[in-house]
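These features come from Swiss-Prot:
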type	residues	note
REGION	73-99	region 'Disordered'
COMPBIAS	73-82	compositional bias 'Basic and acidic residues'
COMPBIAS	83-99	compositional bias 'Acidic residues'
REGION	114-140	region 'Disordered'
MOD_RES	Thr135	phosphothreonine
MOD_RES	Ser138	phosphoserine
MOTIF	167-195	motif 'Q motif'
DOMAIN	198-395	domain 'Helicase ATP-binding'
BINDING	Ala211, Ser212, Thr213, Gly214, Ser215, Gly216, Lys217, Thr218	ATP binding site
MOTIF	329-332	motif 'DEAD box'
MOD_RES	Ser674	phosphoserine
Amino acid sequence: MGKKRAPQKGKTVTKPQEIIVDESKLNWKPVDIPDTLDDFGGFYGLEEIDGVDVKVVDGKVTFVTKKDSKVLKDSNKEKVGDDQESVENESGSDSESELLEFKNLDDIKEGELSAASYSSSDEDEQGNIESSKLTDPSEDVDEDVLKENVFNKDINIDDISPVNLPEWTNLAPLSMTILQSLQNLNFLRPTEIQKKSIPVIMQGVDVMGKASTGSGKTLAYGIPIVEKLISNFSQKNKKPISLIFTPTRELAHQVTDHLKKICEPVLAKSQYSILSLTGGLSIQKQQRLLKYDNSGQIVIATPGRFLELLEKDNTLIKRFSKVDTLILDEADRLLQDGHFDEFEKIIKHLLVERRKNRENSEGSSKIWQTLIFSATFSIDLFDKLSSSRQVKDRRFKNNEDELNAVIQHLMSKIHFNSKPVIIDTNPESKVSSQIKESLIECPPLERDLYCYYFLTMFPGTTLIFCNAIDSVKKLTVYLNNLGIPAFQIHSSMTQKNRLKSLERFKQQSAKQKTINHSNPDSVQLSTVLIASDVAARGLDIPGVQHVIHYHLPRSTDIYIHRSGRTARAGCEGVSAMICSPQESMGPLRKLRKTLATKNSVSTDLNSRSTNRKPIKWQNTVPLLPIETDILSQLRERSRLAGELADHEIASNSLRKDDNWLKKAADELGIDVDSDEDDISKSNSDTFLLKNKNKKMQKTINKDKVKAMRATLNELLSVPIRKDRRQKYLTGGLVNLADNLVKKRGHNSIIGHEKTNALETLKKKKKRNN
């Protein structure tokens, strides 16, 4: 038997020394959000940290970790003083529960969003679509880790190769950083609004800028404020430079991307100096980012989320009350009556705090510089087209008088240092001259058919706007049934799914464009994005050739902004309205008269010398020619695809209603089957029963669905022929055999020449003249 070893004396087990750390100096890591989650709410942007305990000492939350922990650098650690309360190590040997790794939406790069299948009738269906694998978050942790003192590191702004941009250098004294970025982005010369706005804005005066859609308004106000960011880079105590408000989240993210692209060398060391603060993303992360030194010097925000941040932290009110520039992008939408009351509250909070600073001699003697930009500044444009009221006669002698009236309206809502300088680069018309408008007349129940006809006859990248979300969902399924790639975006979708749809649409459009460029003889297909008016303002989607108004918009300003999604950056595009006879007598007439008002004024002034009569509103938009023989061949396909779309949407809706009812009954301990009779007899549920019966009538049994799909696929496999020609390919006015051999003519319609909506409208205009 061996002897027991005696315990050694004098040795004591020492616990690792603990320290209290600041939460803003921890190396937080983003967590990955799996695609299996349909809606993760406000947890997008969630971040985690391991090896840190949370203690509440005297009612104050503190973060405690071991001295040898790797959660932050040694230089950032603070030792616990002798007079501080010792913290027990409660971590013990218990293994930490594994957390699901999600990836922050803010950190998803372009191209990483999944390219899913095209069929998606509802937002919930999109969550189940198989998506491509995301990159391993461990590979790019360093890109998102919030390192310390990143804003205090020096950057050599002059270490940039010189460029030759005479039109930009003659415009204003721009830094080499911006000139180099403009050169890299191939912005070789400024647009008209940029030429007139940038020098005036850099003088510090208030500006109201009006320009047509796609004319470069973002850089018109973006370049001056980025110049301030670059000039203030070496200062230690940096106050906020600019607050930019946009009406939609998508526009806020787009403006953020544009500003970051023109100051990439600065953001390489100060990546959070330009921040986007919008709803739908984690407010906790946004609060933490704002606590970092010199972060958020330029903030692009939606009013709702920014007001929420101000009310949660009063120090932000004092901080942003010292801002130099206040910018309203799409200002007409922000300041409409009944919209965005949050913006008025924000201005009130900042003004009260700024006046306090002025009394204490902490702030400047004047208020911030105010810049407002939009494509539409007219009170008439906000009138509802569906209203039965007559259009008010608000004719002005000239465009300047009208804008002065608009300024008086705006000054009642926001504050200026003085009367703003008016810069109007589009006084002659409200719709961009690069947009060719057209009208498609159709029966009220055949909008789908005429929309399908347009996409078949004029393939390309198309954006379709609907007034109702239900129409967006149905049209998406309808076009997918016909083999046309279609994506959807509307206000009921979460922010993640909106961005996914936009990314997929851009990827599919770029893919089809590459195929057509490399092989001109390949079959050209349409790529379609179907949207509600959430995508009508400000979004810069490259390569959109056509805009279709499935429904006439509710007001004229919405029509202008919808149409402005095409013909951007100097290109031309087509805007087509699908209109029924009932609409042509009311909303269409009011729309065209409102748009023709300004032109008619200038025409009236010129008619005194030329003796020409003003153009009637009926003649301001040409009809798109419709070939009835091709339309008749598409009719049966359209009918089958529409019935299948109604069945799919109704079935999904009924399934969700049943699941919700069963879940609620289980939680309450109620037998659903026994209460169905009582529910059916209740007068209060009559509307619900009628709605359910309508959905039931649209459903089809499985056997009939299979038969209809087989019939539809068979019809889609049969090529469309012009004039229904089935025999004698070498006869007639067009030699079909020769066109087939030489791969000439329309890709989808045999015997038809290649068509282009833009060229078709131009030719028709020449014939009319």
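Going from the start of the chain as shown, residues are counted 1 onward.
Each residue, glycine too, has its Cβ placed from N, Cα and C.
Under 8 Å from some Cβ of the motif 'Q motif' (167-195) lie the Cβ atoms of residues 157-158, 160-161, 202, 209, 211, 215-217, 219-220, 223, 226-227, 230-231, 261-266, 423, 425, all in the same chain and six or more residues away from its ends.
Excluding Ala211, Ser212, Thr213, Gly214, Ser215, Gly216, Lys217, Thr218 themselves, the residues of that chain whose CB lies within 8 A of the CB mean position for the ATP site are, in sequence, Thr191, Ile193, Ala220, Ala375, Gly564, Arg568. Thr218 (ATP binding site) carries a helical DSSP state (H, G or I).
Counting only same-chain residues six or more apart in sequence, the Cβ atoms lying under 8 angstroms from the Cβ of Ala211 (ATP binding site) belong to Thr191, Glu192, Ile193, Lys217, Ala220, Phe373, Ala375, Ile423, Asp424, Thr425, Asn426.
Within the same chain, residues at least 6 positions away in sequence whose Cβ sits under 8 Å from that of Gly214 (ATP binding site) are Ser432, Gln434, Asp540, Gly564, Ala567, Arg568, Ala569, Gly570. When secondary structure is read from DSSP and collapsed to three states, Thr213 (ATP binding site) falls in the coil class.
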